[in-house]
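Features of the protein shown, as given by TrEMBL:
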SIGNAL    1-25  signal peptide
DOMAIN    41-73  domain 'EGF-like'
DISULFID  Cys45-Cys55  disulfide bond
DISULFID  Cys63-Cys72  disulfide bond
DOMAIN    105-140  domain 'EGF-like'
DISULFID  Cys109-Cys119  disulfide bond
DISULFID  Cys130-Cys139  disulfide bond
DOMAIN    172-204  domain 'EGF-like'
DISULFID  Cys176-Cys186  disulfide bond
DISULFID  Cys194-Cys203  disulfide bond
Amino acid sequence: MGFSGHGSAVFLVASLVTFVGVCHGGSDAPRGVAIGFVFDPKAKCDPPCEHAGICIRNNTCFCSKGYEGETCKYANCYPKCKNGGMCLRPGKCRCPPGYGGRYCHKVTCDGGCWNGGECTAVNGVAKCICPSSWTGSKCQEALCPQGCRNGGICVAPGICSCPEGWLGGACHTAVCTQPCLNGGKCISPNKCRCRPPFSGPHCEERKKSH
């Protein structure tokens, strides 16, 4: 490394103790090197120390903060990445699908949960738990307990959007633009069911008796 002489060694030792080194795996907490560690300015490490680690004895690296392993190759995340996350660089985790947050500790649903849905892990899989009036993978589909008949579409909890010619909470009431006369009943858009002896499109004709 180019260091020589007792003065240089003492200076480097004094500098090194200011680091918070991580050279040992298996612990969540970073570990420092004790002040009395032995430093050899002629030490050689093969393979070399990575990520600004310093070779303090032959094949022994003193790692800079945030790295660990024999050659300081591995980034260290504290707390450790959870739920199968991988530490990419100090304090930065790459999270598996369904998890997010700095340490992969939050369950996340792709695209989020709509209409008050809550994202939670179900058997290890992120899933939206929907309020009683919504359904679908993102809680995007409204529920109409009464149903929407005759081609109606549920657009909000309990509310149907009805096609032309139908009305009512379940799109169950037909609309006749001209009313059915003489006690006739509108049974489908602009179609009347007549009471005897009446007939015609609007029950306006009386059958003649023979």
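Glycine is treated like the rest: Cβ placed from N, Cα and C.
Predicted automatically and left uncurated, TrEMBL annotations should be read as such.
Taking the features listed in TrEMBL, we show where each one sits on the structure.
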residue: Cys109; record: disulfide bond; contacts (Cβ under 8 Å, 6+ apart): Gly98, Cys119, Ala126, Lys127, Cys128, Lys138
residue: Cys130; record: disulfide bond; contacts (Cβ under 8 Å, 6+ apart): Cys113, Asn115, Gly116, Gly117, Gly136, Cys139
residue: Cys176; record: disulfide bond; contacts (Cβ under 8 Å, 6+ apart): Cys186, Pro189, Asn190, Lys191, Cys192, His202
residue: Cys203; record: disulfide bond; contacts (Cβ under 8 Å, 6+ apart): Cys180, Leu181, Asn182, Gly183, Gly184, Cys192, Cys194, Arg195
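Spacing of Cys63 (disulfide bond) relative to Cys55 (disulfide bond) is 9 Å (Cα to Cα, whole number). Taking the disulfide-bonded residues Cys63, Cys72 in turn, the residue surrounded by the fewest other Cβ atoms inside 10 Å of its Cβ turns out to be Cys72. It is 11 Å from the Cα atom of Cys45 (disulfide bond) to that of Cys72 (disulfide bond). The two recorded residues, Cys72 (disulfide bond) and Cys55 (disulfide bond), show a Cα separation of 10 Å. All chains included, 19 other C-beta atoms sit within 10 angstroms of the C-beta of Cys119 (disulfide bond).
Per DSSP, the domain 'EGF-like' (105-140) is made up of 0 helix, 14 strand, 22 coil. The residues of the domain 'EGF-like' (41-73), classed with DSSP into helix (H, G, I), strand (E, B) and coil, number 0 helix, 9 strand, 24 coil. Looking at the domain 'EGF-like' (172-204) alone, the prediction's average pLDDT is 93. Residue density at Cys55 (disulfide bond): 21 other Cβ atoms are found within 10 A of its Cβ, drawing on all protein chains shown. Look at the domain 'EGF-like' (172-204): DSSP puts its residues at 0 helix, 11 strand, 22 coil.
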